[in-house]
Amino acid sequence: MGKGGSLSDNVLKKIFLSYTYVAIWIFLSFTVIVYNKYILDKKMYNWPFPISLTMIHMSFCASLAFLLIKVFKFVEPVSMSRELYFSSVVPIGALYSLSLWLSNSAYIYLSVSFIQMLKALMPVAVYSIGVILKRESFKTDTMVNMISISLGVGVAAYGEARFDTWGVLLQLGAVAFEATRLVLIQILLTSKGITLNPITSLYYVAPCCLVFLFVPWIFVEFPVLRDTSSFRFDFVIFGTNSFCAFALNLAVFLLVGKTSALTMNVAGVVKDWLLIAFSWSVIKDTVTPINLFGYGLAFLGVAYYNHAKLQALKATEAQKKAQQAGEESGKLLEERERDGNNIRNESKN
C-alpha cells in the first residue's frame, strides 16, 4: 500500500511538473510575442525598428548565456573547432538573424492573431525543405496533409480583415528562413553528433546574429535613429523585453529537457489559440469567422502531423528495443553454448 501510494505520488509529481513547465513556456512565449507587438506597433509604443530590437535581444541573450556557461557553469559548453564553427554555426546564425528580423518586422503590418495563423505553415516549410535537401523522404499522404494545412492558411488569409501584402511576405519569408535553419541544424550539427540546447545555441549563435544584423542596421535603421533626436533608450521597456526573450529560451531548455520536443509542439498549438483569443478580446484585432474556419482546417492538419510524428517515434523506439532485446538474447545463447562446450570439454578430460 505504501509503495503504491509513493508510486502514485511520484507520478502525480511528474505530471504536475510537466504541466508547470508547459504553463511557464506558454506564458513566456505569449508575453514575448505581445511585448514585441506592443513595442513595434505604430499605434502602441511606436518604435518600428525590428532590426534594432532583435540586436538588443541578441546582445542581452549572448551576455547572459556567457555568464551561465563560463562564469556560473550552469550549462556545459560544447567542444567545437573553429572550422566547424564557421562551416556549421555561422550559416545557421545567418538564417536565424534573417528569421528574427523578418518575423519582428511583420508585427508592424499584421495583427498578432493573423501572424499565428501564418505560422501554421511551419510544418509545411520544414517538410518541403527537408525533401528538397534529402533529409525527408517524399510521402504522398504527408504531402496531402501539407496541402491541407496550406489551404487552411489560405482560407484564413482570405478572411483577414487587415490583410497587408508586405506584412504577409515578411512573415512567409521568416517561416522559410526558420524552416531552413531547422533543417540545416540536422544536416550541419546533429548529423555530426553535436547537440545545442537553447542556452549553448545563444552562446554560439547570438554573436553571429549580431554581426549579420549590423550590416542592414547601418543602412536601414541607424540613419533614422540618428536623425530622431527625441528618442531616448528606455531601459525598463527594453530591459524587461530582453529578459523575457532570454527567459523564454531558458523555458524551452527546461521544457524539452524535462518533457519532449513534441510536448512543446502540442503546447504551441494551445498557445496559438490563446494568442488569437487575446488578440481579439484585448488588443481588439478583428478576427472573422472565415479566419477561424481556415485556421481550424490548418490546426487539424498540424495536429495530424504531430500525431504522425509521435507514432513514428514510438515505432522507432519499439524497433530499437526489439533490436536490443535480440542482441541481448543472442549474447545469452552464445554464453550458454560456450559454457556447454566448456563443461563437455571438462567431462572428456
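Backbone N, Cα and C define each Cβ position, glycine as well.
Since we're looking at a predicted model, the values are computed, not measured.
Features of the protein shown, as given by TrEMBL:
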- 16-35: transmembrane segment (TRANSMEM)
- 20-306: domain 'Sugar phosphate transporter' (DOMAIN)
- 47-72: transmembrane segment (TRANSMEM)
- 84-102: transmembrane segment (TRANSMEM)
- 108-130: transmembrane segment (TRANSMEM)
- 142-159: transmembrane segment (TRANSMEM)
- 165-189: transmembrane segment (TRANSMEM)
- 201-220: transmembrane segment (TRANSMEM)
- 235-255: transmembrane segment (TRANSMEM)
- 289-306: transmembrane segment (TRANSMEM)
- 321-349: region 'Disordered' (REGION)
- 328-349: compositional bias 'Basic and acidic residues' (COMPBIAS)
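Counting C-beta pairs under 8 angstroms (sequence separation of 6 or more), the transmembrane segment (84-102) fails to reach the transmembrane segment (108-130), with fewer than 3 such pairs.
Among the recorded stretches 16-35, 47-72, 165-189, 235-255, 289-306, the one sharing the largest number of Cβ pairs closer than 8 Å with the transmembrane segment (142-159) is 289-306.
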